[in-house]
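Worksheet for the structure shown next.
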Amino acid sequence: MSNKEFESTEKKVGGLLLMNSFLSTTAQEAVALRFARRLGRTDTTPVLFEMTVDTEKCRQPFSSIKAVSDFSAEEKILFSIGTVFRIVSIKQLNKEDVWNVKLELNGDEDIELSMLTNHIKRELGESNNLNTLGTLLITMGENSKAKQYFQMLLDDTSLDQIAHASVYHNIGLVHDNQGDYEKALKSYEKSLEIKLISLPPNHPDIAATYNNMGLVHKNQGDYEEALKTYEKSLEIKMISLQQNHPSIATTYNNIGEVHDNQGDYEKALKSYEKALEIYLISLPPNHPSIAATYNNIGLVYNNQGDYEKALKSYEKSLEIYLISLPPNHPDITITYNNIGSVYNNQGDYEKAVKFFEKSLEIYLVSLPLNHHHIATTYDNIGSVYDNEGDYEKALEYYEKALSMARKTLPLAHSTLRTIESSIATVRKKLSQ
């Protein structure tokens, strides 16, 4: 695995590791070691995964493929996509450069693991098709791969209208995650158009598309339109879903983000607390949506200047993310970024830069190079150097941020104005 992935995995001992592809393994340790040693690259760490599986209790699909393999002596075993292991230990093998990562797959007696995997299965649905696979890849942060599968589905003439609407919805989510908001909105509008014709007016799938259209408007800085769309979504969900359904919490979370961006912190906190209350009742304790809500609550406290409460909320968020998400997932980096902002506000610039750089490192691996999250991180690093009085470095990072943000955000977006203002201020300081 890459050095960055290995460093992140080392910190997750006791946590969960979810495989985002089919995993081919061997029952022969010597064969695995031969493959591990073969790489010989400086940017990777050779790893021997040692998996313990309780075959009587395990319900996650795996199978011996010895009979159909070209090399039957290797005794290959294939694990299904989405298999979740618990990381037991990580140790370096004696006199070897290879690291031994012990994993455990023991089924339902591991309550925490079982709750999370079962919930993921329910979220994805029971059908084993390309749409399900694409949705799982989005969950894992693999947006480009997901898009390939969804495009294959659009080319399938046998799909009915409802299936096409679902695919357009998911393609919209991919574009949104990649920062291409115009394409995201077009995909959601196509999805909504089909759903409004084909489904009852209060169907939850219509609410889901309204919700995601609100996300795009929010990301574009159009907060009024975002709020209108979220409220349409919430209205339908309150009619069609149970009172404590996690989808209702998601929309409360999104409404809270709009209020937060508008500076109405009391309303934001109320919405986030409603979301958290529902999530804690309806989701497993290590679900990423709970982490996202703690992160959002931290944002409010940070904006209010209550840095201790902000840091506590962010740390709760990070703890869950590191257990439930892959090491390079963009949501982990958002929390690193936010922790960096707290330290920056507290004047602890060394820690601030450390967390911003952690964030940037993962973003550069997991997101398109012009994504606005990368621009925001450059802006944050610039603000640290600005606060330290290193105006030349500050200007360098601010200009990187502005160059990226101009490629992805509307000209009237508040982020652009903030960066432009920072550049003007730093240039003035340099000229004095």
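Cβ coordinates come from backbone N, Cα and C, glycine included.
Source: prediction; values computed, not measured.
As a whole-number mean, the pLDDT of the repeat 'TPR' (165-198) in this prediction is 94. According to TrEMBL, the repeat 'TPR' annotation covers 165-198 (among others).
Listed as Cβ neighbours of the repeat 'TPR' (207-240) (distance under 8 Å, sequence separation of 6 or more from its ends, same chain) are residues 165, 169, 172-173, 176, 179, 181, 184-185, 188-189, 191-192, 195, 201, 247-248, 250-252, 254-255, 257-258, 261-262, 372, 409-410, 412-415. For 207-240 (among others), the entry in TrEMBL reads repeat 'TPR'.
Marked as repeat 'TPR' by TrEMBL: 249-282 (among others).
Per TrEMBL, repeat 'TPR' is recorded for 291-324 (among others). Sequence-distant contacts of the repeat 'TPR' (291-324), counting only residues of its own chain at least 6 positions beyond either end whose CB sits under 8 Å from a CB of the stretch, comprise 11-12, 15-16, 18, 116, 249, 253, 256-257, 260, 263, 265, 268-269, 272-273, 275-276, 279, 285, 331-332, 334-336, 338-339, 341-342, 345-346.
If you look up TrEMBL, you'll see 333-366 (among others) marked as repeat 'TPR'. As a summary of secondary structure, the repeat 'TPR' (333-366) carries 32 helix, 0 strand, 2 coil according to DSSP.
Sequence annotations record features per position, and here TrEMBL assigns repeat 'TPR' to 375-408 (among others).
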* Outside the repeat 'TPR' (165-198), six or more residues from its ends: residues with CB under 8 Å to it -> 131, 134-135, 138, 141, 143-144, 146-147, 150-151, 153-154, 159, 205-206, 208-210, 212-213, 215-217, 219-220, 330, 367-368, 370-373, 408
* Determine which residues of the chain contact the repeat 'TPR' (375-408) at the Cβ level, with the cut-off under 8 Å and only residues 6 or more beyond its ends counted. => 179-181, 333, 337, 340-341, 344, 347, 349, 352-353, 356-357, 359-360, 363, 369, 415-416, 418-420, 422-423, 425-427, 429-430
